[in-house]
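What follows is a single structure, written as structure tokens, with notes after it.
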């Protein structure tokens, strides 16, 4: 955050850092330069640095730590002073926090919000310590003085009160600053309006994106008027349809590419390989000539000596019709390649009978006889019938062989054949040469070089050096190369067993894909086991109200999930129960009446030395441990939200002449008292948690069991509060009362009578007139009911708040008034937390929420660190909340987590039965694997937990997580005009929130905690399942498209979460094609032989590993049966549901998932705009301004504050009911409480 820091090294922050100036520079007033972001303000203390808007396009940016810099590092690049061609200074390597950032930067909105917070610089460079401040001057820069008489003697030694004059001066300076901001804002508003008018005047349409051009090209065959005829008259509907067709075309292309790689790539690059016959396996129907096999079974030789004509008049077949059978023999010497490369090397011997011409061409080199293919034939120099018999030297005979016959196969040698010691073989340029054939030379007929003899004789050194090897590289000299090329023509007997480049590439692609898929599958399995056996245990609480025997606990959970209304095996007992005063049966006033401190109690709570070293930091433990720092200082040096809520000046007094009754008016007498900060019933410091329940159309039984399960969790009631947000006044299908009325009946001890609660305005996540919405805030405590199954002695007092979105008066007559969607319900809380943390302007609704939480808990809302999000039809196991908070507290880097969701209606129908194992695998395989890297991509909205803020760096420093402005800003996006945004924000808002968290904080963790369990009912009708999975699949695709672009996730290249996300995205898109290919491979493997082993092995691994996971993780054996049911339903999961979801890309409704009374189906969802938004209907002020107005009104009705104080007695007449815990009793004068 934009806060002063302690000197020395500190861990890196996600937020921008503030660098201190030197003391001399700090003592000088900053220059009045708008570019630097500073400007002196009238009436402002020199120690207070206030930022003013810049004239640049970034009106609110971080100020430069150096006043001499030319401009703000966040401001856009200015135009050159001399546009005459002088080159501008290029970007250089600078600090990350000084980089220029755009709106796409993950921390853009956070830096803007942090830049608006006041910063009090330290004169020493250290955090301000209160004892030092007591003796210091008001002006930390040393330009002013302070009167000790201004400090009240009755105030605690940590407090410092300003005089009345200082308060007036502070208010004047604040008014002056507000006037300046208003003037600057107006100025900027005029600029924006002028530029907007200029754009409208130009009349230019926005340039269509490449995506829109592509979608238009794909759907050119369907013009707009045709779509109007098919029920799509609006441009938004037509655009969504065209984008859907564009996405489907891309999906088909990806499917085609996967199919091509699987089946077609080998056929294209390798083709059908020619027939190849291994040496010594050439059949009797072939003869070998120069390394190629010829099928001569149907050939006929012209009549010749020794080859008579057959009775049918045809020539004899040399394979079968002759006395000597030549089938399977090598006849290379019958058609010798002469007078080529060997000319000049092999010459005629004197007195030779070999015919020749004047050019030295010879008729043959070897005797014209055949030899065996295995090399066992001895040289045969006999000549039957006549000289040149069977040498085929005539042109007719040569043409008949070379032109008339086609080789049927290539004869190949493996390297084992080549290295066979019984043969004398070498390889040259891929051809196998038989050196033993050189023995067939008739020395009386021809002459040849002595080198021939050296190479053919096995006992020579030359032969031993090359036999059985490839001599291509060795025979590169001109003489040796000529000899090798000669051998290639006359003694070639075959070729090496090699493949073409295409076939090699095909195998490379096949095996790389195989290794990649196997690596991913096995890595997911192994790492999921490692998480289950080792990592997950570090997250769990050491002890809870349930059994510590893991096997017994698993059995109890399985029994508990058999029925949605079944009670847990054991209700919370002594372990985890709150301190005295938390039970409904105890006195409501005991905690406020009995003293909790004596004169011997330390003013700072528990001594720091009593705390165990290395304990995690929480809001409660931090404020108790800070002996020197102000207990209320949460964000350091006046930037804490609570103190800024209650004082307009960081060092000013909490009172002013206009003060009236304190915040919230009073604190409920039945508030659960806060235990000591060192009380750790579960072995870790407790953290305050908001249990958010979003309700829509649930019935009484569903809501009752949900709230019962949350109220009866063993986590202390002092540190949890139930917040129910009803999404409109909705009556569920078949219900007598609306959901808000049902939930209101589950509350008691209201702070304000329900009939007196008024609706308050807020800015909803919608467009048009729906952006203005109204809601009512009901606060009190949870009522278990008169007929509750929970024993009275077990019922604990749990504070509860309900926010009912009732809508504006204009929509009171509509079917679903106030309904804005679940995302809007979540934004109500997230925006409220952000404004509490940053002390920003809030709506009337948020102001009432602030006061309501104060009334029923006795603590400020900024004490809450964690939010549990639960749907109103989800039931939580008693110790689940404890396990989840344990993980959050033990590891501050965890920003979100989820538990396991189990199905309570397993046997309702075949539809629910096929989902059991799918839920199991998604948690214990997918989420467990992702948890190893801290990157769970989907935290289910029905049961998950997020961190509101996290401790960072030195003590009293916190950074917003869920309350981060970037998360809130993107999640509250109301301009949903593209198919991508609609699938993200209207259908899968829960998953998109997980994506936003990972995108904003890629270095933090989102994990799965298997010890936390909930149960819910799943669709038991196929059409409802179809509608639900349509939303989930489409949301998954679009969220993975967002997440695959995040480059800062864990890992690098193939060993990264980004790569895994990309694999998941492609796998989701090709699911229909994958299941079709699987069936094809299985059928082909059954029909044809041999079967395709590799695809079958992959299929067995993918389907079989989850079964092994069930066994080794000691889960119920019943999941084996559920697995077989799941395997039988694979066509539904992988073909029917994805295909339907793809075709319904442009359907943004929730379909049949949750029915309401009188609801009509609509494809638009909550994104449909109606009317225009009137912002004047919504009042936004800072909390202090709201509280000042309320106190003025209270003073008007109740009389002056002095009369009230004199009637009660003491310096603080409102302190008789101060809440105990977290040392609030000692610094309660920070709050204007009149409890």
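Cβ coordinates come from backbone N, Cα and C, glycine included.
For the residues 420, 639, the entry in Swiss-Prot flags N-linked glycosylation site at a single position: 639.
The transmembrane segment annotation in Swiss-Prot falls on one of the ranges 991-1011, 1012-1032, 1033-1053, 1117-1137, namely 1117-1137. Relative to the membrane, Swiss-Prot puts residue 235 on the other side from residue 436.
Residues 924-926, 928-929, 931-932, 1008, 1010, 1054, 1060, 1063, 1098, 1101-1102, 1105, 1108-1109, 1112-1113 of the same chain, all 6+ positions outside the transmembrane segment (515-535), place their C-beta atoms under 8 angstroms from a C-beta of that stretch. All protein chains considered, the CB of residue 1034 (N-linked glycosylation site) has 26 other CB atoms within 10 Å. Beyond the ends of the transmembrane segment (245-265), by six or more residues, the same chain brings 211, 214-215, 218-219, 506, 509, 513, 979, 1066, 1069-1070, 1072-1074, 1077, 1142-1143, 1145 to within a C-beta distance below 8 angstroms of the stretch.
Shown for the topological domain 'Cytoplasmic' (1087-1092): DSSP residue counts in helix, strand and coil, namely 1 helix, 0 strand, 5 coil. Within the model, the topological domain 'Cytoplasmic' (1138-1235) shows a mean pLDDT value of 63, rounded to a whole number.
Proximity of distant same-chain residues to the topological domain 'Cytoplasmic' (1087-1092), defined by a Cβ-Cβ separation under 8 Å and at least 6 residues beyond the stretch ends, is recorded for 1081.
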